[in-house]
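Residues annotated as transmembrane segment in TrEMBL: B:21-43, B:49-71, B:78-97, B:103-125, B:182-202, B:233-250, B:270-295, B:307-328.
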Amino acid sequence: ACGSSNNAGGSSSDGGKKTVGFVAVGPEGGFRTANENDIKSAFADAGFELVYSPTQNNDQQKQIQAFNKFVNDEVDAIILSSTEDSGWDDSLKKAAEAEIPVFTVDRNVEVKDDAAKKAIVSHIGPSNEWAGEQAAEFVNKNFPDGANGFILEGPAGLSVVKDRGTGWSNKIGSNIKVLESQSANWSTDEAKTVTAGLLDKYKSDNPQFIFAQNDEMGLGAAQAVDAAGLKGKVKIITIDGTKNALQALVDGDLSYVIEYNPIFGKETAQAVKDYLDGKTVEKDIQIESKTFDAASAKEALDNGSRAY
Amino acid sequence: MTTATANKVKAPKKGFKLDRQMIPTLAAVVIFLLMIIMGQALFGTYIRLGFISSLFIDHAYLIILAVAMTLPILTGGIDLSVGAIVAITAVVGLKLANAGVPAILVMVVMLLIGAVFGLLAGTLIEEFNMQPFIATLSTMFLARGIASIISTDSLTFPDNNNFAFIANEIKIIDNPKISNDLSFNVGVIIALIVVIYGYIFLHHTRTGRTIYAIGGSRSSAELMGLPVKRTQYTIYLTSAILAALASIVYTANIGSAKNTVGVGWELDAVASVVIGGTIITGGFGYVLGSVLGALVRSILDPLTSDFGVPAEWTTIVVGLMILVFVVLQRAVMAVGEKK
Amino acid sequence: MTDKTPIVVMKGITIEFPGVKALDGVDLTLYPGEVHALMGENGAGKSTMIKALTGVYKIDAGSITVEGKPQSFNGTLDAQNAGIATVYQEVNLCTNLSVGENVMLGHEKRGPFGIDWKKTHEAAKTYLAQMGLESIDPHTPLSSISIAMQQLVAIARAMVINAKVLILDEPTSSLDANEVQDLFKIMRKVRDSGVAILFVSHFLDQIYEITDRLTILRNGKFIKEVMTKDTPRDELIGMMIGKSAAELSQIGAKKSRREIEPGEKPLLEVKGLGKKGTINPVDLDIYKGEVVGFAGLLGSGRTELGRLLYGADKPDSGTYEFNGKKVNISDPYTALKNKIAYSTENRHDEGIIGDLTVRQNMLIALQATRGMFNPIPKKEADAIVDKYMEELNVRPRDPDRPIKNLSGGNQQKVLIGRWLATHPELLILDEPTRGIDIGAKAEIQQVVLDLASKGMGVVFISSELEEVVRLSDDIEVLKDRHKIAEIENGDTVSQATIVETIANTNVNGKEA
Amino acid sequence: MAEKAKEEGNALVKKLLSNNLTWSVVAFILLIVICTIFQHDFLALSWNTNTGGLAGPLITMLQESARYLMIATGMTLVISTAGIDLSVGSVMAVAGAAAMQSLSNGVNVWVSILIALLVGLVIGCVNGALVSLLGLQPFITTLIMMLAGRGIAKVITSGENTDASAVAGNEPLRWIANGFILGIPANFVIAVVIVILVGLLCRKTAMGMMIEAVGINQEASRMTGIKPKKILFLVYAVSGFLAAIAGLFATASVMRVDVVKTGQDLEMYAILAVVIGGTSLLGGKFSLAGSAVGAVIIAMIRKTIITLGINAEATPAFFAVVVIVICVMQAPKIHNLGAAMKRKRALKAQAKAVAA
Ligand SMILES: Nc1ncnc2c1ncn2[C@@H]1O[C@H](COP(=O)(O)OP(=O)(O)OP(=O)(O)O)[C@@H](O)[C@H]1O
Ligand SMILES: Nc1ncnc2c1ncn2[C@@H]1O[C@H](COP(=O)(O)OP(=O)(O)OP(=O)(O)O)[C@@H](O)[C@H]1O
Ligand SMILES: [Mg+2]
Ligand SMILES: [Mg+2]
C-alpha cells in the first residue's frame, strides 16, 4: 500500500482518482476490523483513493488531528468514524469552509454550530440503541415472569456503551432485575473472570440471563457459565454478530445474538460517489441489522455469507 | 600563589561538553526538518501554512504536557498522572461551565484541582518514600477514577461560553483556500508562554538549577544544602498544574470532553521529552528539546497515514520511527564522545 | 585560648544504627579562630559526628548548641543557614553540571531576569582561584576533572557561604603535597578571620601542621580533648588506637630492591600502550615480585595508565604481553581471567557495590571469574571472607552488613580483600591507602610488601610520594599524560628526586 | 531473663513491622476480610465435578493471579538492574496471538505453545539487545516495544481477535489455563513452580547477586569482571519469556486472543506488584517472594472489586486507594513514627535539663 505516493497530494479533483480521507478507529478485532476492512475494499472497488488514518487508545485528539490534516490536504471527501460524538464543531467548520463533504459512519456526531452541520452530508450506520432494545425485548419475551441477571458493559464512558445501555433500559420490563452491571472492558478474558465472580456472588439469586454488550464479552461469560456448570440455565445475549458468536449460538453457549452490522462499505462508497457526482444523498442511511437465534445462526453460517 | 596547580590544570576547550549535551536536541531539530521536507517532497502537503497552523493549534496541549513532563524527568522521576489530570479537570470544568459558573472561575478551579493532585503526588513521594513512578501511577488511577465517578457523559460547553476565546482562530494570512491560511489561537499563545516560562524556570531560577542537581545526584544535592524536598514538591505541583492548563487549552479547543480523554497522553509526553534529548534518568535535557519532541511526535501519525501503512502496522511503524530516532541520537552522541 | 566562647558545643552525642552504636556520648567543642581536628581510626565515628552536627543523621541522645542556641538541624540546608559549611568525606557534587555551577549552586548571582550567568560564573571563577584552580573554566563539566580536583571544587563551594564554621572531612586524602599546602594557606586565612574549622585527616604531619586542638574518638566513644602543641605523636597515636604506638607494626626503612636476574622474562610487558586523549603510548615492564610505583602530579595520567593495564578502558595502540603470552585485555573480565586485578581510586563510584554485603563485595570478583553458574561453595566462601576480614582487620567484623554502612577506610580494606581473593599475579593498586588510618595504612603497606615477596607483581599508585618511594622497586614518573622517566629505586632516590624529575623533564623525555 | 525475652520479642516485632512483606500480607488478609463481609461464603471452597477441581472465589482469584506472577517475576529481575520493562503486556498479546493464530491455522498444539514462547523470548532478546548493546534507555526502549508489540499482535492475526476455542486438539493449551492439578488451578501451580525455579536459579547460583550488583552500581560491577551487558540482555530475555507464558495463561483461559485487550495495562500491575513486594524501582536488591505476594495482591484487589460490585466508573479510584494505602503502610516514616516521637520527647527533656 506504500505505493500511493501522491495520493493525498494537491487538489485531486482534476480528472484522476478522487481521494477520500478515512478518519478511523483502528483495528480492534471483531466488529471494528470487519467494518474498516469492508469500507476500505468497497472504496477501492468504487475507484477511490482511500487514505486511512487510525487512532490509538480511542483517542479523539488523534482523530481530530487526522481530520484537520485531511482538510489541509484538500481531499475530496472525509469519512468519519468517530470515537466520540461531540467535539467536532471546529473541525467540521474547517471542512465546511474548504467545501469538503463529510460522511459520518457507525457513530453519529452531535454538532451545534450551523456551519459545521452543513459539512455533514450523511450518516451511515446501524443503531446501537436499537441493538440494546432488541436485547431487552428478548429478555422480556423469554422471562415473562421476571428474572435476575447481569449486564457486562464495555469501558465506562464510551458512547456505544451508553447507547446500548439506553436501548436496554428503554425497553426492559419492570419485573426483570439486573443484579449487577460490571465492566469487562470488551474483553473475553475479563468477562470470564467477572462473570465467574458474579456467579459466585449471586449464587442464591439464581441468575438467569447475562446481557453482554458485545460478542467478545459474551463468549467469555459463556465459558464462565460453562465452568460453573450452568450452561443452558443462564441465557446469554450479545451484540455484534461475529462468526464466533454465531457458532457459539449454534453450540448453545449463547442464546441470542443481535447483529450490529459492520458491512456497509458499499453503501458508504455509493453515497460518496453520488454526492460527488452531484446527486442528492439521504441524510440518514440506516444499515439494517438482524437478530439471530440458534436456527438462523446455523443457516447464516452454512450459507457462508458471513464476512466477519 | 599556586603556580604548580595552575600549570597542570589546563583548561579543556571551552564549552565542548556542553555542546555535546545539546547534540540530541539539535538532532531533533534536524530530523524534524527532514521529516517535513520528506513529507512535502512525497505528498506535497507538509509545507503548507494550513498544515503548520494546525500542527501548532492541534498540539498546543501536547507542547504544554511535554514541558510539564520535562521537569520530573530531569530529576530522574516521572509524572504518569498528566493524562488523567487532563481528564478530571476537563470533566469538572465542563460540569461547572454547564452549571453556569463563569469561565474564569472554572479555569481557576481546574488549575486548583491539578494542584491538589500534584500536591498529593509530592506528598506521597517526599513524605512516604514512594517512587515517583508508583506515586503518580496511583494519582493517575485516582484522577481517572474520580473523573469517571463524576461523569461518563460526553460533556459539551454551553453556548456562548467564555472558553471559546482560547480556541478562536486568529488568521494572520487569510487565503481563499483554508489550506493556505496561517492562523493561531490563544491556546498556542498559552503554550508559547509555558515554553518560555519553562525555559526561564529551568535556566534562570535557583529552583530550576536544583532540579538539574537532583537529576545529577539527589543525595549530593541534599548534602550540598539545596532545598531538595521543596523543589520536589514544586516539580510535581508544576507538572500537575500545567496538565490542568493543557486540559483548559484542549477542552476549549474541541469544545467538549469526557472522562476518557487523555488516555495514553502521558506516554506521548514522555516520548516527546525523550525525542527532544532529555535523558530519562535525569540530569540532562532542555525544555526546547521537549517542544521539538512534541512536534516530531505529532508529525509521526500523519506521515504513517500518508505512507499508507496498513492499519495493523501503524503502531509498529510509529514505534520503529521513535526507535530509529533514539538510536540516531545515540549514534550522534557516541561520535561526539569519541571526538 | 579557653577564654573564648565556643561557637559549637556538642554534648553527649549518641547515634545508633541498627546493630552498631556509631557514637556513644561524644562531646565536641569548636572555638572561633581555631582549627580543630577530629581524630580516630577508621570507623571511630568521625564522619558520623560531622553528619550529626549538620543534621544528616538524627541524634538519639545529646544536645547541640550553635552560638549558644540549642539546634537540631534537619539537613545540610538548615546547618548552612546557621552558618555551617560542610565538605563531606565522599565528594558530593553533581557530575552533570559544570564546575562553576557546582560551586555556586543555591547561591547563584541573580539579576533582574533571574540568575545572571555571567556574574555567577565570574564569582565561581574567583572562588576557584582561591583554591588554586584559576585556570579551570567554570563552564567545564565536573565529570571531566579528577576526583582530587573535584575535592577542591567542593571546598571552593564551601567558601561561598560566608560560614562561621567550616567542616572539612578528609579533604586532603586525594591531594598532592602542593595542593595540601595551597589548602592550608586558605584554611589559615579563613581561620584568622575568626571562623572555626573542623578538620579530619589521617595524616599526622598535616594534623600537627595545621590544627590547634584535637578531639580524639575511639570506637564511637569520646576519649579526650587536647591541645595539639601539648600532645606528642606517640601519645596521640596511643589514644587513637588504644595501645601504645610502639606496638604498631613498623614498616622497615626503605625496602631492598628486587634484583632482576639476567634473562628473566617480565611478568608484564607492554609496548606503546596508549589511548588517544587519555594517555600517550607507554612502554612498561613489570617483573614477578616487583613493586612498581607510579608517581606524578594530579591529572598526570597515572590512573589512566592503570585502567589501560586492566582493560577498564580500551587502548587504541600498543602490544600487551603477560607471562610471556600476547594477550588482548579488552575488559576487566579478561584481565581478571589473566590474573590481573585493579583496585580503583574512585571507591564510591567504581569500587563498592553499596547495597551488597561486605561478604558479597569481597567475593564478587572471584565469582565473576568463575562464572555466574558456578557459585563459590559456602565453605570456601566463608574461609575467604574470614581470612581477609582478619588479615585486613576490617571493622566491624560482620560480613553480613551492607558495605555502604562501613566507614570509608573499612570499605577500602574490603575492596583490597576483594582483589586479593582473586589471587592475582599482577595487582594494580590505585590510591589504596587513601582515607585509611595510620594503623591500617601500615597494615596495607605490609600486605603489599608481603605479596611482592611471594612473587606477585604490584603496581602502586599513590599521591603520597613518601610511600611510593618507600615501597617501590621501580618508579615510573608521569607528567601530562606521558611517561617521562623510569627511576630505579635506591638509596640515592628520595621524594625530592621525583619532584625534580617532574619539574625538569618535559614530556618528550628531554631535560626541560 | 524475662526482660531479655521481652526485648527480643520487641526486636522481632520491630523487624516484622519494617518488613514490606508483612504489610503486604496484612493488606492481603484485610482484603479477604472485606470480601468475606460482603460475600459470606467468599472463603468457601467446593469441588466442581465439571472441571475436576476446587471451585470458589479464591480459586478464580488464584487462577487470575498466575499471569501476574509470571510478569511480576520477570519484571522483578529487570527492575533489579535499575531497568523497567513496559512491554510485558504487549508481549502477552503477541505470544497469545501467535499461539491462537497458529492453532487455528492447524499447527499442532505443542508446536503452537513453543512458537508463542519463542516469540516472547525473541521480543525479550530484542529489548535486551537494544538496552545492553546499543545502550538505549530501558524505559523508552520497552515503551517502543509496548507500542510495536500491539502492532505485531495485530499483524499476526490480521487485526482479528483470533478464536481457537473450536480447534480440535487444543485441549492441552486449554488445560494449562483452566485445568487443575490435585484440585488446584494448573496455571497457578505452574506459575508457582516457575517462580520457585527462577528463585533457585537466582539464589543458588550467583545470578541473583550479579543482577543486583549491576542494578546497584553498573560501573563498579564491570570493574569486578561482571559483564553488565550480558546480565542486562539476560533479564530482558527472561522477562519476555515469562510474559509469553503469561500471555498463554491469559489467552488459553478463553482460547481467544484480543489484540487490544490481552495484557492491556498489565505492565503497570506488574510494576505495582514488584514495588509492593519491596523491590525498589531504583534497582538493586530484589525479592521474588515479595513480588509473588504482590502479584497475588493485585489479583486479590481485582477480585475485591468484582466482589464488592464496585462500579466500573469507580474501579480505578478504588485500585488507587488500595495501592496508596499499602505503599503508605510500607513507608519507613510510618514505622519510625513511634521511635521518632520517643526520640523527640527524650531530646526535649534533655534540652530542658540543659536549660535548667
Ligand atoms: N548509615 C550507616 N548505617 C549503619 N552503620 C553506619 C552507617 N554509617 C556509619 N556506620 C558505622 O558507624 C561507624 C562510624 O563510621 P564513620 O563513617 O563515622 O567513621 P569514620 O571515623 O569517619 O571513619 P573513616 O576514617 O574510615 O572515614 C562505623 O562502624 C560504621 O560502620
Ligand atoms: N588539565 C586538565 N584539565 C581538566 N581536566 C583534567 C586535566 N588533567 C586531567 N584532567 C582530568 O582529570 C582526570 C584525572 O586524571 P588522572 O586520573 O589521569 O590523574 P592521576 O595522575 O591519576 O591523578 P590522581 O589519581 O591523583 O587524580 C581525568 O579524567 C582528566 O580528564
Ligand atoms: Mg569518615
Ligand atoms: Mg589517579
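Along the chain as shown, the residues are counted starting at 1.
Every residue, even glycine, has its Cβ placed from backbone N, Cα and C.
Between the transmembrane segment (B:270-295) and the transmembrane segment (B:233-250) there are fewer than 3 Cβ pairs closer than 8 Å, counting only residues 6 or more apart in sequence, so the two stretches are not in contact. Remark: the transmembrane segment (B:307-328) makes no contact with the transmembrane segment (B:49-71), by the rule of 3 or more CB pairs under 8 A. Counting C-beta pairs under 8 angstroms (sequence separation of 6 or more), the transmembrane segment (B:49-71) fails to reach the transmembrane segment (B:103-125), with fewer than 3 such pairs. Outside the transmembrane segment (B:78-97) by six or more residues, the chain places 61, 65, 68-69, 71-72, 103, 105-107, 109-111, 113-114, 117, 121, 132-133, 136-137, 139-144, 146-147, 150-151, 155-158, 161, 163, 236, 239-240, 242-244, 246-248, 250-251, 256-266, 269-270, 280 with a CB less than 8 A from a CB of the stretch.
In terms of C-beta pairs under 8 Å, the stretch of B:21-43, B:182-202, B:233-250 lying closest in packing to the transmembrane segment (B:103-125) is B:233-250. Counting residues 6+ beyond its ends, the transmembrane segment (B:182-202) has Cβ neighbours under 8 Å at 49-50, 52-53, 56-57, 60-61, 63-64, 67, 70-71, 74, 165-173, 208-209, 211-212, 238, 242, 245, 248-250, 252-253, 286-288, 291 in the same chain.
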